[in-house]
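Asker: Starting off with a structure, shown below.
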Amino acid sequence: MSISKAIAADLLEIKAVSLSPSQPFTWASGIKSPIYTDNRVTLAYPEVRSQIEGAFAELIKTEFPEVEVIAGTATAGIPHGAIIADYLKLPFAYIRSKPKDHGAGNQVEGRVAKGQKMVVVEDLISTGGSVLEAVAAAEREGADVLGVVAIFTYELEKANSKFADADVKLATLTNYSELIEIAKETGYVTKEELELLKKFKENQETWQA
């Protein structure tokens with residue numbers, strides 16, 4: 001089994017990802033979805049966490065070999081980013097969703113030199129808006145952001161377009177396609193539910209159970 005599928009299987013097993021095609025979730029954006037993800041759950045499982053961070057380290061070495069500093073997004077990207085930085089023996093920083101309203105007013109916390117090559121760590125990519133705002137904040141403070149890594153992506157077309165428009169490279173450990181394939185192979189969903197899950201990938205904006 002590939003590392004991508006192995007991680008997808010782990011996310012299902014520990015219920016970091018929940019699938020409910022017949023009784024969909026409603027995201028904050030208003031999108032009706034057959035899937036809900038809370039990757040913070042992975043932190044409670046040492047073996048899963050270790051596999052994720054090791055896979056992240058290998059992914060970064062392959063996709064972004066020039067990296068000089070790891071940055072996590074607040075708050076979900078911080079624990080993963082800190083562990084990855086330790087794996088890679090690199091400096092770590094984190095990026096707030098907005099600047100502090102007191103003190104120095106920092107948005108990027110830590111020491112990042114002008115032109116330092118950075119990879120930003122996020123746990124989940126949905127529409128991509130928040131992590132791209134973090135990338136922009138890091139770049140305003142002088143970082144040279146090589147790209148973004150994440151555990152999981154819903155593969156929304158909106159996110160793909162945003163990353164393309166921003167000219168930011170995205171690399172993830174696993175994705176929606178791999179996850180529903182694993183769900184099928186393990187009997188996690190019925191044939192009818194699988195079809196609903198596939199339809200969501202084809203058109204998330206208009207999908208209905």
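Quick reminder: no glycine exception, Cβ is built from N, Cα and C everywhere.
Here the structure is a predicted model, which means the values were calculated and not measured.
In case it helps, Swiss-Prot gives these features for our protein:
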{"type": "BINDING", "residues": "Arg96, Lys100, His102, Glu122, Asp123, Leu124, Ile125, Ser126, Thr127, Gly128, Gly129, Ser130", "note": "5-phospho-alpha-D-ribose 1-diphosphate binding site"}
{"type": "BINDING", "residues": "Ser126", "note": "orotate binding site"}
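Looking at the shown structure, what environment does each listed feature sit in?
Answerer: Asp123 (5-phospho-alpha-D-ribose 1-diphosphate binding site) falls within a strand when secondary structure is assigned with DSSP. Listed in sequence order, Asn39, Arg40, Thr42, Ala76, Gly77, His80, Ala150, Ile151, Phe152 are the same-chain residues six or more apart from Asp123 (5-phospho-alpha-D-ribose 1-diphosphate binding site) with CB atoms under 8 A from its CB.
The Cβ of Ser126 (orotate binding site) lies under 8 Å from the Cβ of Trp27, Ser29, Tyr154, Leu156, Ala159, each of which sits 6+ residues away along the same chain.
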Asker: So what sits near Arg96 (5-phospho-alpha-D-ribose 1-diphosphate binding site) in its own chain, CB-to-CB under 8 Å and at least six residues off in sequence?
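Answerer: Listed in sequence order: Ala74, Asn106, Gln107, Val108, Glu109, Ala137.
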Asker: How many neighbouring Cβ atoms, not counting its own, are there within 10 Å of the Cβ of Ile125 (5-phospho-alpha-D-ribose 1-diphosphate binding site)?
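Answerer: Its Cβ has 27 other Cβ atoms within 10 Å.
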